[in-house]
Structures are given as structure tokens and as C-alpha cells.
Amino acid sequence: MAKKHLVIDPITRIEGHLRIEAIIDENNVVVDAYSSSTMFRGIEEILKGRDPRDCGLLAMRICGVCTGTHYQRSIEAVEHAFGVTIPKNARLVRNLIQGALYVHDHIVHFYHLHALDWVDITEALKADPKKTVAEAQKWAKVAGHRPWNASEDNYAAVQERVTKYVKQGRLGVFGNAYWGSKGFKLTPEQNLIGLSHYLDALELQRDLAKMMAIFGGKNPHPQSFVVGGVTCVQDIKNPARIAEFKQLLKRGRKFIK
């Protein structure tokens with residue numbers, strides 16, 4: 001069989017535009033690949049001639065996921081240029097927002113942008129919920145923690161929920177010779193665990209977004225960073241807001257562990 005030239009354009013599970021070309025040999029192995037970024041953002045051009053205090057608000061529009069990073073780095077660039085040192089409390093608040101974004105982005109990448117390259121949803125529907133609980137407990141024991149949301153009722157509910165989509169053929173890009181491929185290596189029970197975590201992570205993603213909004217004003221694209229510090233002074237002084245942030249952090253930490 002001759003080599004195949006596979007083109008995926010656009011790649012949609014990223015922020016932006018990307019084209020991937022792959023050369024696949026007769027053994028279905030990728031022997032060469034090329035990637036191309038196909039959209040020029042031009043944020044730097046937009047910033048030319050603008051008031052330096054606008055940098056953060058404009059630069060963070062480059063991404064709807066990791067917005068706070070571009071925001072903070074742009075503000076810091078202006079502060080470094082003018083020799084500005086921010087107050088300790090402002091630095092702590094910025095770090096809290098950045099920390100929440102760090103956790104949020106890792107969960108989004110691992111589960112929602114990447115996991116479905118390894119988790120076969122159609123195979124998860126063949127799993128035995130009871131065996132799935134045992135499988136989850138086995139791997140959690142290795143890590144020294146309790147498994148997340150591991151119950152027969154939950155796994156059965158996940159199967160029921162997703163079965164409706166599969167029967168309707170609503171698999172999107174994954175329906176074209178993707179799920180069901182021999183390239184997937186997980187057992188049905190392991191696939192069901194991954195699918196359950198995928199859905200749970202959607203809820204957690206919302207909680208982590210709330211954490212950023214508590215001190216950032218909103219998410220995505222927080223608004224509380226300014227050259228010289230932050231504007232969320234009243235939230236910093238409010239014990240209830242700090243406690244809310246802490247509670248959401250605990251839940252996120254428990255899920256990750």
C-alpha cells in the first residue's frame with residue numbers, strides 16, 4: 001500500500017488556527033509530519049502607538065483560555081519599563097489569580113483538549129460499572145488517594161447520558177474512523193473512568209473560573225490588574241470572598257489528587 005498524505009486543517013482543539021500534515025506508511029505509522037500556524041494575530045501591531053496602560057487589556061485578547069497570563073505579563077512589561085514596584089498584597093492577589101489559571105489550564109488541556117485522543121467513548125459504553133469501581137480503586141490505591149466520584153450509580157449514569165449521543169450519531173470529528181480504532185489501548189472500564197472524569201472536569205472548570213473572577217472581576221479576560229497594582233481592594237479585605245476562593249481551591253485540589 002502506498003504512503004498516505006493526511007491533512008487536518010483547521011485543528012480546532014487549540015486557541016487559534018493550525019494546519020497539520022502527516023505522511024503515513026503502509027503500516028499506518030506516521031513517518032513525517034508538518035505543522036503550520038495559519039493565522040497572523042498582529043497583537044503587537046495593534047499595540048503600537050497606544051497608551052502603555054492599554055497593553056494588558058488588548059494583549060490578553062489573543063486567547064480565551066490563558067487570558068490572565070497575557071494580561072499579567074503585559075502589565076509587568078510596562079512596570080519593568082518604568083521601574084514600578086507593586087505592593088505585596090497586589091503581588092499576592094496576582095499570584096492567586098495566576099495560580100487558579102494554572103490549575104484551570106492544566107485540567108482543560110488534559111481532559112478537554114487531549115484526553116479524547118486516548119479515551120474511546122464508544123468502548124466506555126461496554127464497561128461493567130461494578131468492575132469500573134474496582135479499577136478506579138486499584139489505581140487510586142497506587143497513588144495513595146481515594147478515587148474521585150467512583151460509584152456504580154455514577155458510572156451507570158454516565159453511560160446512560162452518553163449513550164443518547166452515540167445512538168444519535170453525534171460524535172463530531174470523532175465519528176470518522178476515530179473511536180473504535182485499534183489504536184486505542186484502554187480497557188472499557190478504564191475508558192469509562194476517563195469519560196466520567198472528563199464530564200466531572202467540566203464542572204470543576206467552572207469552579208476554577210469562579211476563583212479567577214473573585215479577584216479578577218470576571219473570566220475570561222479579568223479586569224483587575226493595572227500598572228502599579230490591582231483594583232480589587234474591597235475583595236481583598238472581605239473575609240467571605242477569601243473563604244470562597246479557598247473553598248473552591250480545596251475542591252480543585254481534591255479532584256486533581
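Placement of Cβ uses the backbone N, Cα and C atoms for every residue, glycine included.
What TrEMBL says about this protein:
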BINDING   GLU44  Mg(2+) binding site
BINDING   CYS63, CYS66  Ni(2+) binding site
BINDING   CYS66  Fe cation binding site
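Known features from TrEMBL, placed on the structure.
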{"residue": "GLU44", "record": "Mg(2+) binding site", "contacts (Cβ under 8 Å, 6+ apart)": "none"}
{"residue": "CYS63", "record": "Ni(2+) binding site", "contacts (Cβ under 8 Å, 6+ apart)": "GLU15, GLY16, HIS70"}
{"residue": "CYS66", "record": "Ni(2+) binding site", "contacts (Cβ under 8 Å, 6+ apart)": "GLU15, LEU101, ASP105"}
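In this structure, CYS66 (Ni(2+) binding site) belongs to neither helix nor strand by DSSP; it is coil.
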